[in-house]
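Enquirer: Pasting the feature list from TrEMBL:
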- 6-387: domain 'Major facilitator superfamily (MFS) profile' (DOMAIN)
- 47-66: transmembrane segment (TRANSMEM)
- 73-89: transmembrane segment (TRANSMEM)
- 95-118: transmembrane segment (TRANSMEM)
- 130-150: transmembrane segment (TRANSMEM)
- 162-186: transmembrane segment (TRANSMEM)
- 281-300: transmembrane segment (TRANSMEM)
- 306-327: transmembrane segment (TRANSMEM)
- 339-358: transmembrane segment (TRANSMEM)
- 364-384: transmembrane segment (TRANSMEM)
Amino acid sequence: MSDSRSGLLFFLGFLLLSWGLLGAGIGPLLPQISDAFGLPLPLTGQVFLLWSSGFCLGSYITSHLLKRFQLSALFLSACLVASVAIFGLSITPSFFLFCFLYCITGTAGGIIFTSCHTSVSWFFPERRQAVLSFADFSFSAGTLLAPLLINIIMNSNYPWQIFFKAISFANITLAFLMIPLALTFFRSYTVERKVSPSTGEKTSFSLESDATGSKITLINYAIVCFSIGFIEWQQNVWLVTYAMSKGIPQVSANHVISLFSLGMLARRAGSMFAGKSQPEFRLVLLDDIILLGGISAILAGKGTAVLGAGSFAAGFALGGVLPIVMATAMASRPSRAPLLSTIALVMLTAGGLCSGIYTGSVAIYFSPDSALTAGLFVSVLLIISRRAFISALRGHSAACGGTGH
């Protein structure tokens, strides 16, 4: 890999690490934010909705912005806007302004994530799956480190605002790091050179086609992303509550959810060294078995060891789905990488929101057991959609190859 591409990889890794810290940091800081503004905790928690809405908006507008601006300009602008908005979160005296700035931060985050995915598709065509896994790994590492960093801040008697100031400093530093990349690496690549499939790269389906098969393939892609968001959100938010309802102490329950995150990290770390973007059916089948087995073990609720093993297995199986599916789709149509990223991010967010509403309501009115049962059905939906997605791409590739197209 060239030094310039290594520099871009370094930039993407640290950028997504900082956003993983930010995304997972707001939850542990909610009590402090609630006290600072004198508001009930449930009302303060509504900032998540603003974050999600801004994130989807930012992702959506990125594909339109890329028609007018270069990727480097989007990275630079989004990092600068984010650094100002995040710093504002630490000094604003008004909760209304805090919400506005948090929405702006989410919008900048949507632009940054879609730009990251687009960069991977355009500049790492031969290693899409590996680099997408690296991107997910960096973000996941940030989500794991966030609670530890906040504990250090609180135990050192620093004000909670310093967390946002540190993330703001990281983003403005990364914005300055983008300048030499913009002057060297990005200048040497034109959009026209990268929006077309690379030489020897077969197009499996066309997003520009009105063919029914293409639309169904996109629908399956969207369902896969929705299912990932639903399951991941459900495990991250409700698994501790579910484990405690089974008589497991909170400390042990926290270890159970940590194993889910570690499973995802382990899988993404392994995927970074994968050589192919096209998944093997035997590996997909193994993933399906591990995912269903993990969710079933969680629902069995037979003690900490079984819950922990199920949690790790579910996280491990789920952790590799998104990079593989996105890499496969982007290899088919590199010019549509921003659109594919937008679909993924919007559906992941929608899955998380639906999971939160459904699981919270069912857990309150029925039981956590009933709420988490939906995870098993959504897992089956994910498996069916992913198999249909992969089969459609392979079938079309074979047809194109057989006809000489």
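Keep in mind that glycine also has a Cβ here, set from the backbone N, Cα and C atoms.
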Enquirer: Between the transmembrane segment (306-327) and the transmembrane segment (130-150), are there three or more C-beta pairs closer than 8 Å, counting only pairs 6 or more apart along the chain?
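Expert: Between the transmembrane segment (306-327) and the transmembrane segment (130-150), contact is present.
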Enquirer: Between the transmembrane segment (364-384) and the transmembrane segment (47-66), do 3 or more CB pairs sit under 8 angstroms, pairs being 6 or more residues apart?
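Expert: Contact between the transmembrane segment (47-66) and the transmembrane segment (364-384): absent.
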Enquirer: Is the transmembrane segment (130-150) in contact with the transmembrane segment (281-300), using at least 3 Cβ pairs under 8 Å (sequence separation of 6 or more) as the test?
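Expert: Stretch pair does not touch.
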Enquirer: For the transmembrane segment (364-384), could you work out the same-chain residues 6 or more beyond its ends whose Cβ comes under 8 Å from its Cβ atoms?
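Expert: Apart from its flanks, the transmembrane segment (364-384) reaches 223-224, 227-228, 230-231, 234-235, 238-239, 241-242, 245, 288, 291-292, 295-296, 298-299, 301, 321, 358.
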Enquirer: Against which stretches of its own chain does the transmembrane segment (95-118) lie, if we need a Cβ under 8 Å and a gap of at least six residues from its ends?
Expert: 12, 15-16, 19, 22-23, 33, 37, 39, 44, 47, 50-63, 65-66, 71, 74-75, 77-79, 81-82, 85-86, 88-89, 132, 135, 326, 330, 337-338, 340-342, 344-345
